[in-house]
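> Here's a structure for you.
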Amino acid sequence: MAGVAGSGTGQGAAGGDGDDSLYPIAVLIDELRNEDVQLRLNSIKKLSTIALALGVERTRTELLPFLTDTIYDEDEVLLTLAEQLGNFTGLVGGPDFAHCLLDSVRLLAVEACVSIAQLLSEDDLEALVMPTLRQAAEDKSWRVRYMVADKFSELQKAVGPKITLNDLIPAFQNLLKDCEAEVRAAAAHKVKELCENLPMEGRETIIMNQILPYIKELVSDTNQHVKSALASVIMGLSTILGKGNTIEHLLPLFLAQLKDECPEVRLNIISNLDCVNEVIGIRQLSQSLLPAIVELAEDAKWRVRLAIIEYMPLLAGQLGVEFFDEKLNSLCMAWLVDHVYAIREAATNNLMKLVQKFGKEWAQNTIVPKVLVMANDPNYLHRMTTLFCINALSEACGQEITTKQMLPVVLKMARDQVANVRFNVAKSLQKIGPILDTDALEEVKPVLQKLGQDEDVDVKYFAQEAISVLALA
């Protein structure tokens, strides 16, 4: 590269214009050596410009060896270089010279292998790609091993089933027991995809004998990110392995994860229950589910509580109305008085979805009475939650329940001492108004008119808005 960076003869340039055309190339090459990481990154992103100017032969014989000799670098620089080389095949002369890319750069070929492997025959893969991949999978830098784990599904598809069974499965086993948690977590994320992409013939045997023993170890891993990564995908194995294997081999793992000390692990299992429900039915898990759900529902982190609320309609549908009423109903009501507004809001939406799932009659007997009792709560925030629930439930419950059970409570709350409650009464009446019949609207009209004369400006505004929207003027 000295010739390019120095005087230059112009022979390597695309147009052969001499020093002037090669000057920018020399600058880029100097930047590759610069101590400033950002300058090196910028130069690497322009490697294709250098390669185009040099031509395919000098790219192969000068640029790639130069990179090999000079760039033992920060992992971020290596990763950027690997991304560039993944698109370099045309710049070295096409598929016939693709092996140059693998020969030239220290373990940057993980990214490049994905692109290049698709161009090569099986014999060439074995000779040219696999040595690099084997080396990368055991590299001393955990970031290189991480890259192999992260790209595993793409590599698996690129090299085909034979090489997968002979080479990638053993490499994957090593990644699952890697000394670095980041590598184990990345590999754990790929467990389901790896199993799905195995050839149907012999797939079950391979998973049971060569993958599952390593998965069992990860269930009790010391790192919570590894356990959480596994929990996010492990349920998907049940549809691959079928009912018998799920009950005998996977169910004990699910149950262990439902008792894990890390909330994210328990949450990831619960959020993927539909996979297991398709195969064995959720009843197999119900007794272990309950304690896990209760703990998540009462977790100190409000975001954990929020997440379990969002899965409650799915759980309710799978567990059935009897189990829900007996075990989970009280949780759903407790969320309505949580000290975090986002939880109260989510709990309100949750009730609406439950009514849509279980029906009006269930709502009338089970939910609505408990919601309406909160209208007399000493805490005005809880009284407002009653109104939010009525807003959410009125449409799902329909005209009769709204008119007979909910409307009288809303009208009574118009006399509340707290202005925030009164203006939310006006907003609630506007919301449920379209559901009400003419007689009911006649009851609403004088209440809104009185609120329209309220001393509080917000109450007055929302009452007048409701009168206008409902055409009660």
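Including glycine, each Cβ sits where the backbone N, Cα and C put it.
Per TrEMBL, the features are:
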type	residues	note
REPEAT	24-62	repeat 'HEAT'
DOMAIN	118-349	domain 'TOG'
REPEAT	129-167	repeat 'HEAT'
REPEAT	168-205	repeat 'HEAT'
REPEAT	211-249	repeat 'HEAT'
REPEAT	250-288	repeat 'HEAT'
REPEAT	289-327	repeat 'HEAT'
REPEAT	367-405	repeat 'HEAT'
REPEAT	406-443	repeat 'HEAT'
REPEAT	444-473	repeat 'HEAT'
> Tally the residues of the repeat 'HEAT' (24-62) by DSSP class, grouping H, G and I as helix, E and B as strand, and everything else as coil.
32 helix, 0 strand, 7 coil
> So what's the average pLDDT for the domain 'TOG' (118-349)?
90
> DSSP helix, strand and coil counts for the repeat 'HEAT' (444-473)?
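The breakdown for the repeat 'HEAT' (444-473) reads 21 helix, 0 strand, 9 coil.
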> In the same chain, who gets a Cβ under 8 Å from the repeat 'HEAT' (250-288) while lying at least 6 residues past its ends?
215-216, 219-220, 224, 227-228, 230-239, 241-243, 295-296, 299, 301, 304, 307-308, 311, 314-315, 318-319, 323
